[in-house]
Amino acid sequence: MISVNCGLCTLKPQIKAHLLFPLFSSKNKTLPSSYSVKIVSSMSSYDKELAAAKKAASLAARLCQKVQKALVRSDVQSKSDESPVTVADYGSQAVVSLVLQKEIPSKPFSLVAEEDSADIRLDAAKETRERITKLVCDTLASDESCSVCNLSQEDVLSAIDSGKSEGGSRGRHWVLDPIDGTKGFLRGDQYAIALALLDEGRVVLGVLACPNLPLKSISGSSQKNLHGEVGCLFYAAVGSGTYMQSLDGSSAVKVQVSAIDNTEEASFFESYEAAHSQHDLTNTIARKLGVKAPPVRIDSQAKYGALSRGDGAIYLRFPHKGYQEKIWDHAAGCIVVTEAGGVATDAAGNPLDFSRGRYLDLDTGIIVTNQKLMPQLLKAVKESLEEKSSSL
Ligand SMILES: Nc1ncnc2c1ncn2[C@@H]1O[C@H](COP(=O)(O)O)[C@@H](O)[C@H]1OP(=O)(O)O
Ligand SMILES: [Mg+2]
Ligand SMILES: [Mg+2]
Ligand SMILES: [Mg+2]
C-alpha cells in the first residue's frame, strides 16, 4: 500500500488534501491504480537532515546521469583493488559533501565515504581533476539555491577527502556510497547514490537515488528489459516509514515490502555480477524454499529500493570468501527496507551493526525479506551453508 507524505503536518487534513491531490498529476506522474492513498505525517527529529540528504543525493544523481549519458574512456580508472572508479564517483562524493556541509553548517561534519582523492592528485591526473571540478561546479550551479559556484580544484579535492572519517558508535556520521554499482553504471544499467546518517551507531535516515530504476514495479523483469519512465528517490527516517518519489520531483508515496508469506510465490534479487555474490549458493537457497521465479539480477542498492516497494520478496547477498562488506554498501538500503516493514540480517540472523567503523563485521552474508518469510529463509540459508561446507 502507498500513502502520501505531505510534509504539511501542521495543516488541517482538509487543507492538506486540497493542497496535495493536484500534485498527483504534476508532470504526468500518476500513482499506479493498484495503490491506495492516504495522507500521513512523517515529521521526525531528523527532518532537516533528511531534506539535506535528499537534495544532496538528487544533485549527485544529476551529475552521474550526465556522465553516464556521454561516458568516455578517460572518465574511467582502476583502483588498487582492480575495481573501477569514474569521474562521476568522485564528482558525486564532492557534491554530496559540499551540499551537506552547506545545508547543515551548525553540526560537526563527519562523513564515511568510499572514495578519496589520492589517485586524482597525481600529476598524470590533471585533466581528470579539471573535469571533476567542472562537473561539480556545473551541477551545483544548476540548482537555484546554489546559484554561484567558484570552487577551486583544491576545494573539490578536500570535499572528497572529508569522507575519510572512521565512523563508529559515538556522535553523528554521514555514510556515503557516491556510486554504488559502478560496474552497472559503466554498462549503462542500474546504480545508486546511497546516503545514510548514523546517530550513536544507529542508522537514523537513508536516501537511495536510483536514476535508472523504473518508477513502476520491475517485478518479473530482468535488468536488460526494464521499461517505462525511470529515476526513483527512496528515503526513510527512523520511525517514519519509507517513501518514494521521482527524481524530477513528483509527490512522494509511502511504500511497503511485499506481504507474501508463501515462499513458492516469492521472487528474489541478487547481484548482476557473479563476482560479487555466490550465485550457486543463492540458487540452492531458492530451491530449498521452492521459489519458482528465476532470480532478478540487478546492480547496486537499487535492489533494496525495489524490495522496499514489494517488487520482489527476498534479497540474497553472499560475497566470495575474503570480501569484507563496507557500511556504505548497506546503511541506506537497510533503513529503506526496514522502515518499509522488512528485515535485514546477516546469514545467522543477527542485525547489521553499522557502529563498528568503515566495515561491517558479518557472519557470511546478508539476507533481506519481510517478517513472515524470515524464519523460513534463515532455515534454508543455514541448511545450504552447512551442505556447502560439508561438500568442500
Ligand atoms: N569483489 C566484490 N565482491 C562483492 N562486492 C563487491 C566486490 N567489488 C565491489 N563490490 C561492491 O558490491 C556492490 C555492488 O554490488 P552488486 O553486485 O549488488 O551490484 C558495490 O558496492 C560494489 O562496490 P562499488 O560501490 O564500488 O560499485
Ligand atoms: Mg567502488
Ligand atoms: Mg558500493
Ligand atoms: Mg561505490
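Glycine is no exception: its Cβ is also placed from the backbone N, Cα and C atoms.
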Listed co-binder of Mg(2+) (same site as E114, D177, I179, D180, source TrEMBL) among D329, D346, D353, D361: D329
Binding-site residues compared (E114, D177) - the one with the fewest other Cβ atoms within 10 Å: E114
DSSP state at D177 (Mg(2+) binding site), helix/strand/coil: strand
Local Cβ density at D329 (Mg(2+) binding site) - other Cβ atoms counted within 10 Å: 22
Near-site residues: Mg(2+), ref E114, D177, I179, D180, D329, CB cutoff 8 A to centroid: L176, P178, G181, T182, A192, A194, S300, Q301, K326, W328
All-chain count of other Cβ atoms within 10 Å of D180 (Mg(2+) binding site): 30
